[in-house]
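**Q** For reference, the structure I am asking about is given below.
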Amino acid sequence: MLTFDEAAEGLYVAAKYSELTLDAIEMLQRELKVPNPVPREKIHSTICYSRVMVPYSVASGSFEVATSGHLEVWNHGSSPLLVLVLDSDYLRCRHQYARAIGATHDFQDYTPHITLSYNVGVLKYPKEKYPIRVVLDREYKEPLKLDWADDLK
């Protein structure tokens, strides 16, 4: 049973990817000449960003979670993000699992994605589909950090 303090601290869960997937993401960042690319060690997909702690069990195993994605630029605060939106039933399912056990979510919908840059400036990118084999290495969880953006500076 969680204590009140534990429940109040929130939960963050993310997917980390295989070395081959990270190689492919870095190659895509280079081919697209992405400014301010997310470094290899920080590439991930958020599964759960909950303001309450829930008893989430991380999945184990390494398997393909998506075979392609398309680019979108999202406005997030003062810097436009470049994301690779993934068509991933697995990531959607894991997010739904977190919600089913009581996790909160700050947005209307959950969109599985990998952030390629936290600041692409005024650049625009075509919304075409990019074939990319996205293989899960592991999931991890930690207490929620509301000031996570400070780590990007």
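These residue numbers are counts, starting from 1, taken along the chain as shown.
Just so it is clear, glycine is given a Cβ too, placed from its N, Cα and C backbone atoms.
The 3',3'-cGAMP binding site annotation in Swiss-Prot covers Tyr12, Glu142, Trp148 and is backed by similarity to another entry. The 3',3'-cUAMP binding site feature in Swiss-Prot is assigned to Tyr12, Glu142, Trp148; the stated evidence is similarity to another entry. Annotation source Swiss-Prot lists active site at His44, Thr46, His113, Thr115, citing similarity to another entry.
Please go over these features one by one and say how buried each is and what sits next to it.
**A** Neighbour list (Glu142 (3',3'-cGAMP binding site), Cβ cut-off 8 Å, at least 6 residues apart, same chain): Leu11, Tyr12. Under the three-state DSSP scheme, Glu142 (3',3'-cGAMP binding site) falls in the strand class.
In the three-state DSSP assignment, the secondary structure recorded for Tyr12 (3',3'-cGAMP binding site) is strand.
Taking Cβ-Cβ distances under 8 Å and a sequence separation of 6 or more, the neighbours of His44 (active site) in its chain are Ala14, Ala15, Lys16, Tyr17, Ile114.
Long-range neighbours of Thr46 (active site) (same chain, six or more residues apart, CB within less than 8 Å of its CB): Tyr12, Val13, Ala14.
According to DSSP, His113 (active site) is assigned to a strand segment. Of all Cβ atoms in the protein chains displayed, 22 besides its own lie within 10 Å of the Cβ of His113 (active site).
The Cβ of Thr115 (active site) has Val38, Ile43, Leu81, Leu82, Val83 as same-chain neighbours under 8 Å, each 6 or more residues away in sequence.
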**Q** Report, as a single number, how many Cβ atoms besides its own are within 10 Å of the Cβ of Tyr12 (3',3'-cGAMP binding site).
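**A** Cβ-Cβ neighbours of Tyr12 (3',3'-cGAMP binding site) within 10 Å number 18.
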**Q** According to DSSP, does Thr46 (active site) fall in a helix, a strand, or coil?
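**A** Assignment for Thr46 (active site) reads strand.
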